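**Q** Mind looking over this structure? Questions follow.
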Amino acid sequence: MRIAFFSAQPYEKEPFEKVNENYKHEIDYHESILNKKTAVLAEKAPVVCVFVNDKVDADTLKVLAKNGTKLIALRCAGFNNVDLKAAADNGITVVRVPAYSPYAVAEYTIGLLLSLNRKIHRAYVRVREDDFNLNGLLGHDLHGKTIGLLGTGRIGGLVAKCLKLGFGCEVLAHDIKPNKELEKFGIQFVEQQEVLAKADFLCLHCPLTPDTEHLVDEKLLASMKKGVKIINTSRGGLVDTKALVKAIESGQVGGCAMDVYEGERRLFYRDLSNEVIKDTTFQQLANFPNVLVTSHQAFFTAEALSAIAHTTLKNVSDFASQNNDPSVIVKN
């Protein structure tokens, strides 16, 4: 099938082309982010492949449907950027990659937590400038600290076990569906308020839905233990960034490490080093000394890219042969 591949990055082409040797699809790579204006690039393509920052809203879907698109193939797990009702109304099936490498994201979460706590990102910059002073780089032992987790799916579960068994942390978790297997490792499931009140570090591992958008808002931040450090490798929209900035300024939040940002569509996966970034909220956040921001790269391993390519192209082939698959979100 012909696939219009949006938000294409140079590092994606090799794994997709390698896997596609077995599937023989025709892939047209477009660097453009998908939206209602760029949707015309998918004309006569029955399949459109999108990533996290593509805007697959009702207006975009209407254009795609008019031009013959029958399948939206997400090459990611999250689908909050897709209007599922509009897809169904336009007769478009939606599939995703439910899991590619939970280890990649879990390991990166631990890396961010360690870097934030021990200020490794600041130490690296200092040494490059021949500044070997340790002032301002004091961290804390993780052993014995309380880690709070909101969400214990595949990724959250791996993070929980790593911190409990590997570092000797006390791990308190909250999930609408508690993972009983994790309790065997000494991980405690408690109410959300208890997690917030006791956590020295809070890791977010929940999906972005209408119910979880701005989950971390002014009220929630005020209810947390003073000086808490927050790590988010899930979705940027979980955090009200303006409220977070205020909480950092007041000292209520002691720092944060974020691989995602609610306004990342305008920033991430682009080289803006020679441009003026007009998002003042992001600029303010990123310039705090106790904040570490990376550009949505937690998933970014060779193994994950290969798995994403395999699942995405298999989803397309399954659609072509009308095979049912658990990757389907909206079926038409």
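Just so it is clear, glycine is given a Cβ too, placed from its N, Cα and C backbone atoms.
Copied straight from Swiss-Prot:
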type	residues	note
BINDING	Arg154, Ile155, Thr233, Ser234, Arg235, Asp259, His296, Gln297, Ala298, Phe299	NAD(+) binding site
ACT_SITE	Arg235	active site
ACT_SITE	Glu264	active site
ACT_SITE	His296	active site, proton donor
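Quick one: where do these features end up spatially?
**A** According to its DSSP assignment, Thr233 (NAD(+) binding site) is coil. Long-range Cβ contacts of Thr233 (NAD(+) binding site) within its own chain (separation 6+, distance under 8 Å): Val105, Tyr108, Thr109, Leu112, Ile155, Cys203, Leu204, His205, Met258, Asp259, Val260, Ala298.
Cβ-based neighbour count (10 Å, all protein chains) for Arg235 (NAD(+) binding site) stands at 25.
A helical conformation is recorded for Glu264 (active site) in the three-state DSSP classification. Every protein chain considered, the tally of other Cβ atoms within 10 Å of the Cβ of Glu264 (active site) stands at 21.
Within 10 Å of the C-beta of His296 (NAD(+) binding site) we count 22 further C-beta atoms, all protein chains included.
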**Q** Do you know offhand how many angstrom separate Arg154 (NAD(+) binding site) and Glu264 (active site) by C-alpha?
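**A** Glu264 (active site) has its Cα 24 Å from the Cα of Arg154 (NAD(+) binding site).
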**Q** Highest CB neighbour count within 10 A among the binding-site residues Arg154, Ala298?
**A** Ala298
**Q** Is His296 (NAD(+) binding site) helix, strand or coil when read with DSSP?
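**A** The residue in question, His296 (NAD(+) binding site), is coil (DSSP, three-state).
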**Q** May I ask for the distance between Arg235 (NAD(+) binding site) and Glu264 (active site), taken between their Cα atoms and rounded to an integer number of Å?
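**A** Roughly 10 Å, rounded to the nearest whole number.
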**Q** In Å, rounded, how far does the Cα of Glu264 (active site) sit from the Cα of His296 (NAD(+) binding site)?
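**A** Distance between the two Cα atoms comes out at 9 Å.
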